[in-house]
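Enquirer: Input: one structure, supplied below.
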Amino acid sequence: MSARGGGRKPRARGIALNAAAATVLIVMIFPVYWMFATAFKPTAEIQSETPGLWPAHPTLEHFATAVSADGFWTFWRNSLLVTGGAVLLALVVALLSAFAVARMRWRGRGAFIVMVFAAQMAPWEALLVPMFIIARDTDLLDSLAMLTGVYFMITLPFTIVTLRGFLAAIPTEVEEAALVDGCTRLAAFRRVVFPLLAPGLMATSLFGFITAWNEFAFVNVLIIKDQDKRTLPVWLSSFRDVFGTDWGATMAAATLFALPVLVLFLFLQRRVGAGMIAGAVKG
């Protein structure tokens with residue numbers, strides 16, 4: 001009897017854990033599903049007192065409204081420019097920094113690592129006023145270059161930490177073997193180490209892209225007069241006026257806004273998982 005009772009407890013515990021995990025998953029996914037569903041619903045269904053869980057009469061009219069809205073393509077271009085520029089800059093600088101920290105011993109290395117971790121933990125909102133003052137005093141308000149620099153700054157610490165952990169997980173013997181075969185330090189890194197870093201680079205670039213793509217606060221502080229320099233997160237608020245909010249167009253716009261991140265994640269998901277696990281192993 002005791003053996004049977006002992007077998008039931010782990011099974012009951014497993015069922016409870018699975019039920020809790022399923023509940024959390026539903027709570028997390030339902031808002032995203034509701035966004036997609038609302039984007040395809042006619043206005044009458046959205047404003048109904050008893051809205052359905054799925055569109056009864058799907059329509060694309062809200063997507064047409066979103067795409068034809070003023071500034072859509074301009075804001076889309078701005079978001080791609082500042083996000084892509086910030087991610088590329090962060091990858092280049094972080095790769096060099098992570099290699100120096102993971103493979104070399106130099107005075108101030110420990111202090112540099114502490115500063116990187118401190119920068120990663122610091123709230124970005126604390127930098128809003130200093131960044132505004134710097135942009136104002138250097139005449140860089142309403143500048144996409146300034147916005148790119150800020151996004152580079154807030155994505156750099158995470159990128160350094162992740163790539164450092166991934167580099168530390170690559171055995172030094174791999175480089176040493178290449179050096180013995182006649183490669184220079186740079187050639188060994190380029191031909192041997194860099195290909196092994198692909199999962200880590202994918203993971204850090206994806207998370208950096210998500211961070212910069214979704215950022216809302218800095219663009220409102222640094223882009224003041226020139227509305228054509230704003231990005232997609234700000235554009236999402238354009239469907240609200242004194243008469244209310246066009247929820248259909250807002251949800252369609254939010255769906256279009258989320259698509260690049262979703263497509264990028266689906267394309268890189270295997271490498272992202274491998275990169276995050278490897279980056280957390282050592283460091």
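In case you wondered, yes, glycine gets a Cβ from its N, Cα and C as well.
Any TrEMBL annotation is an automated prediction that lacks curation.
Heads up, here are the entries from TrEMBL:
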type     : residues : note
DOMAIN   : 76-268   : domain 'ABC transmembrane type-1'
TRANSMEM : 12-36    : transmembrane segment
TRANSMEM : 80-100   : transmembrane segment
TRANSMEM : 112-135  : transmembrane segment
TRANSMEM : 150-171  : transmembrane segment
TRANSMEM : 192-213  : transmembrane segment
TRANSMEM : 247-268  : transmembrane segment
Enquirer: What parts of the chain pack near the transmembrane segment (247-268), using Cβ distances under 8 Å and only residues at least 6 beyond its ends?
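Expert: Contacts with the transmembrane segment (247-268): 32, 35-36, 38-39, 41-43, 46, 61-63, 65-67, 69, 202-203, 206, 209-210, 213-214, 232-233, 235-236, 239-240.
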Enquirer: Please give the sequence-distant neighbours of the transmembrane segment (112-135): residues at least 6 beyond its ends with Cβ less than 8 Å from one of its Cβ atoms.
Expert: 97, 101, 141, 143, 146, 150, 153-154, 156-158, 160-161, 164, 217-218, 221-222
Enquirer: The transmembrane segment (12-36): which same-chain residues, six or more beyond its ends, come within Cβ distance under 8 Å?
Expert: 251, 254-255, 258
